[in-house]
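Enquirer: I'd like to ask you about the structure that follows.
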Amino acid sequence: MACRSCVVGFSSLSSCEVTPVGSPRPGTSGWDSCRAPGPGFSSRSLTGCWSAGTISKVTVNPGLLVPLDVKLDPAVQQLKNQEKEEMKALNDKFASLIGKVQALEQRNQLLETRWSFLQGQDSAIFDLGHLYEEYQGRLQEELRKVSQERGQLEANLLQVLEKVEEFRIRYEDEISKRTDMEFTFVQLKKDLDAECLHRTELETKLKSLESFVELMKTIYEQELKDLAAQVKDVSVTVGMDSRCHIDLSGIVEEVKAQYDAVAARSLEEAEAYSRSQLEEQAARSAEYGSSLQSSRSEIADLNVRIQKLRSQILSVKSHCLKLEENIKTAEEQGELAFQDAKTKLAQLEAALQQAKQDMARQLRKYQELMNVKLALDIEIATYRKLVEGEEGRMDSPSATVVSAVQSRCKTAASRSGLSKAPSRKKKGSKGPVIKITEMSEKYFSQESEVSE
C-alpha cells in the first residue's frame, strides 16, 4: 500500500488515497507502476513486479480502511477555502495596487520635480500679492481723494445753496419792493391825473371868470354909458331950493368910483385866488413830477438790478446743475471704482483661497500617498515574508513513502502539523493584510471621489 498526500493552500492534509501495489494508478498502465522500488516494499512485491506470471496476494490491514480521524472541523476546511479565495482576491488586488503604486510614484516624482522647479524659480514672478496690495492701496487712495473731493463739493454746494437762498430772499424783497413801488406809482399816477383834471378845471374856471369879469366890465361900461346918455338926454325941471345945493356929478363920480373899486377888488381877488391856485397846482405838479421822476429812476434801477439778479440766479443755477452733475459723476465713478476694487479683492481672495485649498489638497494627497506607500511597503514586506515562507516550505520534500502503518500515520500527523503552522501564520497575518487592503481601498475611493 502507498499513501499519497495532496497539499492544498498552506500544505494542509486534505485527503489520503490508498491503492494496491499491483494495481495501476489512474491514468497509468500496470507496467508503469512498477518502477524503482521504494523503501517499505517487501521482496515478494518486488519479485512480483519483475515476474508477470506469479502475483502474490495482497493483504490489507483492515485498520487502514478505517477513515483517519485527523480531528478536522469542516468549518475549518471551509474557512481555509475562504482564506484561499481571499488570498487570490488579495493577490489580484495586490497586483493592481502595485500598478497604482507605480503610477502614484511616477506622479509623486513628477509633482516633486514640479515642486522643486517652482521653488527654484524666482518667487517675485509669481508673487502677485504685492502687486494686488499696491493696486488695492492705489484704489483706496483714489477712493480717499474722491471722498475728500466729495466733501469739498458738498461744502461748496452748501455755500452755493446758502447764496442761492440769500439771493432768493433778496429777490423776493426786491419783488415786494417793486410791487410796492408799482402800487405807489399807480397811486401817484392817479393823483397826477386827478390834479391835471383839477388844474384843467381851475384853468377853465379862470377863463370863465376872466370872461365874466370882461363881461361885467362891458356891462358896467355900457350901463355907465346908458346912464350918462339918459342923464344927458333927460331934461329935468327941478325946483330947487336955493337954500339946498346938490352936487350930482360928484355923486355919480362917487358911485362910479365905488363900482370901479368893487370891480377892481373882485378882479384882484379872482386873480389872486386863481394865481394862488395855479401856484399851488404848479408846486404840486412839480412835486409830483419830481416824485414821478425819482420813481421812474428807482424803477429803472430796480429793473437793472432785477436783470442782474436774474442773470446771477441763472448762472448760479447752471453752476449748481454742473456741481450736481459733477457730484453725481464723481459718486458714480467712485461707486464703480469701489465695486471694481471690491470685485477684484473678492477675486483675489477667492484665488488665494483656491490656491490654499489646492496646496492643502496637494499636501493631503502627498500625505495620503506617503501613507499608502507606507502601507504598501508594510503589505509588500508581509507578502514577501509569506512568499519566502511559502518558497522555503515548497523547497522541502512534499511526499514521503512509509514502510509501516505507524510511521505513515506519524508522517501524516507531522504533515498536518506543518500545514497547520502556516495556516496559523496566515491567520495571524490576515489581520494586517486585510487592514492595509481596507486602507488602500479607502484611499482609492477618496481619490476617485476627488477626481470626480
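We number each residue from 1, going along the chain as drawn.
Every residue gets a Cβ built from N, Cα and C, even glycine.
Keep in mind that what you see is a predicted model, and the values were worked out from it rather than measured.
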Enquirer: Which residue, chosen from SER14, SER45, SER56, SER414, is annotated phosphoserine in Swiss-Prot?
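Expert: Annotation hit in Swiss-Prot: SER45.
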Enquirer: Out of SER23, SER396, which residue gets the phosphoserine annotation in Swiss-Prot?
Expert: SER396
Enquirer: Tell me the residue counts in helix, strand and coil for the region 'Coil 1A' (82-118), as DSSP assigns them.
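Expert: Helix, strand and coil residues of the region 'Coil 1A' (82-118) number 37 helix, 0 strand, 0 coil.
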Enquirer: Under DSSP, is GLY334 (site 'Stutter') helix, strand or coil?
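Expert: Once the DSSP labels are grouped into three classes, GLY334 (site 'Stutter') ends up as helix.
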Enquirer: So how many other Cβ atoms are close to GLY334 (site 'Stutter'), meaning within 10 Å of its Cβ?
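Expert: Total other Cβ atoms inside 10 Å, all chains included: 17.
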Enquirer: Mean pLDDT for the region 'Coil 2' (252-390), rounded to an integer?
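Expert: Per the prediction, mean pLDDT sits at 83 for the region 'Coil 2' (252-390).
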Enquirer: Counting each residue once, how many in the region 'Coil 1B' (136-227) are helix, strand and coil under DSSP?
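Expert: Secondary-structure breakdown of the region 'Coil 1B' (136-227): 92 helix, 0 strand, 0 coil.
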